[in-house]
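Some notes on the structure that comes next.
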Amino acid sequence: MAFLEDGNHTAVTEFILLGLTDDPVLRVILFTIILCIYLVTVSGNLSTILLIRVSSQLHHPMYFFLSHVGSVDIGYSSSVTPNMLVNFLVEKHTIAYLGCGIQLSSAAFFGTAECFLLATMAYDRFVAICNPLLYSTKMSTQTCIQLVVGSYTGGILNASFAIISFFSFLFCGPNRINHFYCDFAPLVELSCSDINVSVVITTIFSASVTIITVFVIAISYTYILITILKMRSTEGRHKAFSTCTSYLTAVTLFYGTVTFIYVVPKSNYSTDQNKVASVFYIVVIPMLNPLIYSLRNNDIKGALKRQLGKKTFS
């Protein structure tokens with residue numbers, strides 16, 4: 001039952017997710033591709049996390065933060081992708097009212113936590129390259145733990161605002177969400193209640209997270225670039241550029257997509273373009289991150305070779 005009579009109002013008890021396409025052939029193709037991407041995402045990020053845990057040479061702040069980015073990527077993708085895969089296999093996919101709220105808050109939590117973790121990684125590289133003598137002091141174990149806890153706390157706050165906003169909405173019908181998951185904007189469009197304080201707070205907080213973290217990353221890498229250009233050692237400059245290039249590639253993909261989905265006015269692009277960008281943001285980027293960070297990182301490649309060598313000769 002999709003609707004429930006409550007006095008003078010009709011309340012929605014479930015939503016219909018329209019998904020990416022109605023073409024049955026295309027649905028099978030997309031199911032296969034996205035399933036493969038999801039399996040690579042989980043296995044790739046888990047492998048990176050385990051490698052960092054078991055390799056003593058990777059027990060440094062940068063890789064500590066990277067392991068948490070991997071955990072968040074798994075969580076973010078898992079909050080949406082399995083549900084999307086089910087959507088490809090059925091004619092009409094419904095999601096319960098409570099399930100929609102859980103999916104919305106989960107995506108808000110993991111997305112916000114990743115923003116803060118990426119900013120934390122930028123600060124870590126800033127200290128390592130611009131203030132190397134103070135690195136061990138400024139990036140102590142206690143500081144690293146506090147930064148990670150702060151990142152997750154930011155995620156919890158945004159998720160709390162999102163779920164409070166969701167439960168404050170009054171859905172009278174229709175209940176068809178033109179998306180493949182319960183995103184905030186489509187739900188606001190379906191709501192028949194007035195925009196309230198919780199919606200405004202959620203919007204302001206989400207925008208503030210994006211602006212603040214981008215500002216931290218931009219300032220950190222401006223100083224990093226200046227410091228690298230001043231380096232006399234060609235080898236040192238090359239190593240610093242190599243590490244920074246991997247990070248900046250991941251950040252550009254992440255924030256470029258976030259900007260397109262949540263910052264660019266909706267009138268500038270179609271709903272289908274928004275869906276494609278969301279697939280890239282939620283499904284593809286979590287798969288690419290371990291590849292981006294690993295392929296140009298000699299420490300990770302070296303640690304992987306050593307672990308594989310141990311397995312071969314054990």
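Using N, Cα and C of the backbone, Cβ positions are placed for all residues, glycine too.
Keep in mind that what you see is a predicted model, and the values were worked out from it rather than measured.
Both Lys92 and Gly302 are recorded by Swiss-Prot, but within differently named topological domains on opposite sides of the membrane. Taken through DSSP, the topological domain 'Cytoplasmic' (50-57) splits into 7 helix, 0 strand, 1 coil. Using a cut-off of 8 Å between Cβ atoms, the transmembrane segment (275-295) and the transmembrane segment (200-220) share fewer than three residue pairs, counting only pairs 6 or more apart in sequence. Most Cβ pairs under 8 A with the transmembrane segment (200-220) among the ranges 58-78, 103-123, 241-261 are made by 103-123. Count of Cβ pairs under 8 Å against the transmembrane segment (137-157): among 29-49, 58-78, 103-123, 241-261, the largest is for 103-123. If you take the C-beta of Cys100 (disulfide bond) and look for same-chain residues 6 or more apart in sequence within under 8 angstroms, you find Phe15, Phe166, Ile177, Cys182, Leu187. Counted within 10 Å of its Cβ, the other Cβ atoms near Cys192 (disulfide bond) come to 13, all protein chains included. For the topological domain 'Extracellular' (79-102), DSSP puts the residue distribution at 17 helix, 4 strand, 3 coil.
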